Amino acid sequence: MFHATTIVAVKKGESVAIAGDGQVTFSQNMIMKSTAKKVRKLYNGKVLVGFAGSVADAITLCEKFEEKLEQNSGNLQKSVVELAKEWRQDKVLRRLEALMVVADKDHLFVVSGSGEVVEPDDNIAAIGSGGPYALAAARALLQSTDLSAAEIARKALEIAASICVYTNNNITVLEL
């Protein structure tokens, strides 16, 4: 499990949102930064990505993923499969410790270095140390409220931050 971050993504109707907290924890016991941006828009603002794990590793993977998107003309499904395959097989990349959540208006995926590419059945994904809390909160909010995808993502992350010591309330939300 990766400490020091929480990312949650929610797809609802024609909208998709991803939210990330801003905490960077060093050596599992010291907050180094509280305003980090762990969610981004890629491919001319058409793809959302959030990452958990080692910062340098996550940035490297984000750059690799952006290359795949360019090579595949923005085809998210093909790009994540190619990234996961390369991530698992490449001697350098397979040592990277990170997880990614990626989404466009049609798909939402969790991608890992062990080759997993998972598209959740309920259109909600959460990773990082606060991921289980954010996932549970997002599911409850999706089922019991009329909130938008962005509002659900923000509230789910706020709930996770109130429980997980590796997650803070400095939340960035991006939406398509």
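Using N, Cα and C of the backbone, Cβ positions are placed for all residues, glycine too.
In sequence order, G20, D21, Q23, V24, K38, F51, A52, G53, G128, S129, G130, Y166, T167 are the residues near T5 (active site), counting only same-chain partners six or more apart with C-beta under 8 A. Secondary structure at T5 (active site), as computed by DSSP, is coil. Taken from Swiss-Prot, the feature active site applies to T5, supported by sequence analysis.
The feature Na(+) binding site is assigned by Swiss-Prot to A161, C164, T167, with sequence analysis given as support. The secondary structure of T167 (Na(+) binding site), as reduced to three states from DSSP, is coil rather than helix or strand. There are 30 other Cβ atoms within 10 Å of the Cβ belonging to T167 (Na(+) binding site).
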Surrounding CB atoms that lie within 10 Å of the CB of C164 (Na(+) binding site), all protein chains: 23
Under 8 Å by Cβ from A161 (Na(+) binding site), same chain, sequence gap 6 or more: T6, D21, G130, T167, N168, N169, I171
Env. residues of Na(+) site, Cβ within 8 Å of mean position of A161, C164, T167 Cβ: T6, D21, Q23, S129, G130, Y133, A134, L157, A160, S162, I163, V165, Y166, N168, N169
